[in-house]
Amino acid sequence: MTTADDAAAPGSRGPFTAAEETAMRAALDAARLGVRGANPVVGAALLGADGTLLHVGHHRGAGTEHAEVDALRQAHEAGTPLHGTTMVVTLEPCRHTGRTGPCAEAILAAGIPRVVYAVADGTETAGGGGAFLAEHGVSVAHGLLEREARELNDRWFLAQRRRRPFVSLKIAQSLDGRVAAADGTSQWITGAPARAEGHALRTRVDAILMGGGTLRLDDPALTARAEDGTPLARQPFRAVMSTRPVPDDARVRRGVAPDAPDDGLFVHLPTHDPHEALAELRSRGVGHVLVEGGPTVSAAFLAEDLVDELWLYQAPVLLGEGAAAVAPLGIGTLADARRWRSDPVGLPGGVPAVGSVGEDCRWHLAPAAPPVIEPPAVPDHHLI
Ligand SMILES: NC(=O)C1=CN([C@@H]2O[C@H](COP(=O)(O)OP(=O)(O)OC[C@H]3O[C@@H](n4cnc5c(N)ncnc54)[C@H](OP(=O)(O)O)[C@@H]3O)[C@@H](O)[C@H]2O)C=CC1
Ligand SMILES: Nc1c(N[C@@H]2O[C@H](COP(=O)(O)O)[C@@H](O)[C@H]2O)[nH]c(=O)[nH]c1=O
Ligand SMILES: [Zn+2]
């Protein structure tokens, strides 16, 4: 089947050697060690002219070096000669300068004569590296293990096509699926190790979002903090989705410096429409949003299929009464239930999707039905 992707992608669709396929499998395994969010997970393997797997790199999340650069750095440190090598990468090498430099130029500068990638980047900003390399005389082929590579980042590709941030939802619930006791108290359902994971996630995202209900009941600061309460170095935007005014003395306005007037990270989103909320955050450069409830806002994002990954922590606590984790979604019968699957990509270093964190249980999930694999939107630089 020919897709818009094929029409836009440079180079051939193969044939590929057995060594290239082995290298791509190693690159896919390496990609799974990364974290997904504003950026996809990506792996890159350097293959010697004789088919030997030389170095395998991966991307460790937005702001860190890209997979190809990781592999090239390893080669440099080991003194590996690069003539005759092939760069095998799970995503088309980027050609833009974002938080890091363009991989396509790094590959060209390294004198690598062949590049094999699985799936086109497809974003307006970073796509086009394959064409750039082909124009500069590099042998470029794409489509090797494309389905596997696409599955690894399926919801990330979907978010890109829809021009919205990647959305994570975090829920900390009791054994009986409640996120607060009858009187609204919810601090703390889960234990310290699970909360520490939550703060590590907060520091990786660009914005944390809560609803007006949580603001009014809990007055949270929405900052990323270490276990002893000290602020972590990287702080995200703090967004409140509420049509009512946010009080001047709300902690979410202040962030990590309670006495400072305004750190520029507080955002009031006076809407009940999650699409509108995401569009506003994207206009501020947000690529990854963490929704931290409560149940009304969680349901609003879930109802619109806007949750790309779910971090669900379940504590061995029974409440019997209190708010359910998610407000009604209009599901009347089991056949209409929303099913989720383990997300193979998660915490840095490939921590398992389902596991224990202290006394609690962690589930890292993605919607079970992968999005319909449409061809990626043709990037603007391919439009006439
Ligand atoms: N354990 C956990 O993981 C968490 C638990 N909680 C608990 O949840 C409880 C609060 O739940 P809840 O009241 O549902 O809080 P929410 O945080 O979901 O806020 C709901 C409010 O947000 C506004 N809002 C934004 N979008 C929508 C929408 N699409 N539809 C309707 N209203 C919208 C409305 O405020 P407005 O009228 O101002 O527009 C609404 O009253 C608290 O007890 C809190 O402790 C909260 C977060 C995490
Ligand atoms: N992670 C990754 C790529 N990711 C691409 O680069 C974009 C982000 O770049 P930056 O702003 O520098 O973080 C991201 O949106 C995606 O299009 N590309 C690659 O060549 N290799 C990588 O390992
Ligand atoms: Zn890159």
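Quick reminder: no glycine exception, Cβ is built from N, Cα and C everywhere.
Per TrEMBL, active site, proton donor is recorded for GLU68. Residues or ranges marked as Zn(2+) binding site in TrEMBL: HIS66, CYS94, CYS103. Annotation source TrEMBL lists NADP(+) binding site at ALA172, TRP188, THR214, ASP218, THR243, GLY294, PRO295, THR296, VAL297, SER298, ALA299, ALA300. The substrate binding site annotation in TrEMBL covers SER186, ARG202, LEU222, ARG225, GLU292. Taken from TrEMBL, the feature domain 'CMP/dCMP-type deaminase' applies to 18-141.
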Neighbour-count leader, CB within 10 A, binding-site residues: HIS66, ARG202, ARG225: HIS66
Of HIS66, CYS94, CYS103, ALA172, ARG225, THR243, binding-site residues neighbouring ligand 3, Cβ under 6 A: HIS66, CYS94, CYS103
Annotated substrate contacts SER186, ARG202, LEU222, ARG225, GLU292, maximal Cα-Cα distance (Å, integer): 18
PLDDT averaged over every residue in the domain 'CMP/dCMP-type deaminase' (18-141): 96
Where THR243 (NADP(+) binding site) sits in the secondary structure, as DSSP reduces it to three classes: coil
Candidate binding-site residues ARG202, LEU222, THR243, GLU292, pick with smallest Cα gap to CYS94 (Zn(2+) binding site): ARG202
Filtered binding-site residues, from CYS94, CYS103, ALA172, ARG225, THR243, VAL297, whose Cβ is under 6 Å from an atom of ligand 2: CYS94, CYS103
Fewest other Cβ within 10 angstroms of its own Cβ, chosen from the binding-site residues CYS103, LEU222, VAL297, ALA299: ALA299
Of the recorded positions listed as HIS66, GLU68, ARG202, LEU222, the one whose CA lies nearest the CA of PRO295 (NADP(+) binding site): LEU222
Integer Å distance between the CA atoms belonging to SER186 (substrate binding site) and VAL297 (NADP(+) binding site): 16
CB-centroid shell, 8 A cutoff, Zn(2+) site HIS66, CYS94, CYS103, site residues removed: VAL42, ALA67, GLU68, VAL69, PRO93, ARG95, THR100, GLY101, PRO102, ALA104, ALA106, ALA126, GLY129
